[in-house]
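S.K.: According to Swiss-Prot:
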- CYS65-CYS102: disulfide bond (DISULFID)
- 1-19: signal peptide (SIGNAL)
Amino acid sequence: MKALLIAAGVAALSSTAMAAKLDEKVPYPKADAGFTRQVIHLPKQDTEDAFKVEIIAGKTLEADCNQQRLGGELEEHTLEGWGYSYYRLDKVSGPMSTMMACPGQKKEQRFIPVVGEGFLLRYNSKLPIVVYAPKDVEVRYRIWSASEKVEKAVSE
C-alpha cells in the first residue's frame, strides 16, 4: 500500500512539474495548426553584447553532392502588452541546388538549412527565444562571439 501511495505521489509531482514547464512559456501564443513552437533558453554570459545567436532552421532531406538550401524569412513579432519578441518562419521554399553532376555518388540524408533574412539575433539570456516554424522544420542554433581584438581602419 505504501509503495502505491509513493508511486501516486511521484506521478502527481512529475505531472505538476511538466505543467509548470509549459507555463514558463506563457504569455507566448500556442502554435497554429501545422506549426510547432520551439524554444531556446540561453545561458547567462558576462558580456552578452559580445554574442549573437544564429537560428538555423531546416529539414533533413535526401541530397546528393550539390550545395542545397531552402529559402525563407524569419520574421520578428512583438507580444502585445508585453514587448517580448518571438519569431515566425511562415513559408519555406525550395530546395534550391547547384547543378553539378554527381556520378556514382548515392544520395544521403542531410540537414538542409533555410537561408534568408532575420536569422541572426541579439543574445539575451533573460528571455527565451521562441520560434514558430512549420511542423516539418527543425530549429537549431549556434552561438557567435566577438573577438576581444579590435582593429583600427586606415584612412586612404
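Glycine is no exception: its Cβ is also placed from the backbone N, Cα and C atoms.
Could you place these features in context, so I can see how deep they sit and what lies close by?
M.R.: Sequence-distant neighbours of CYS65 (disulfide bond) (same chain, six or more apart, CB under 8 Å from its CB) are MET100, CYS102, GLN105, listed in sequence order. DSSP assigns CYS65 (disulfide bond) to coil in the three-state reduction, placing it in neither a helix nor a strand.
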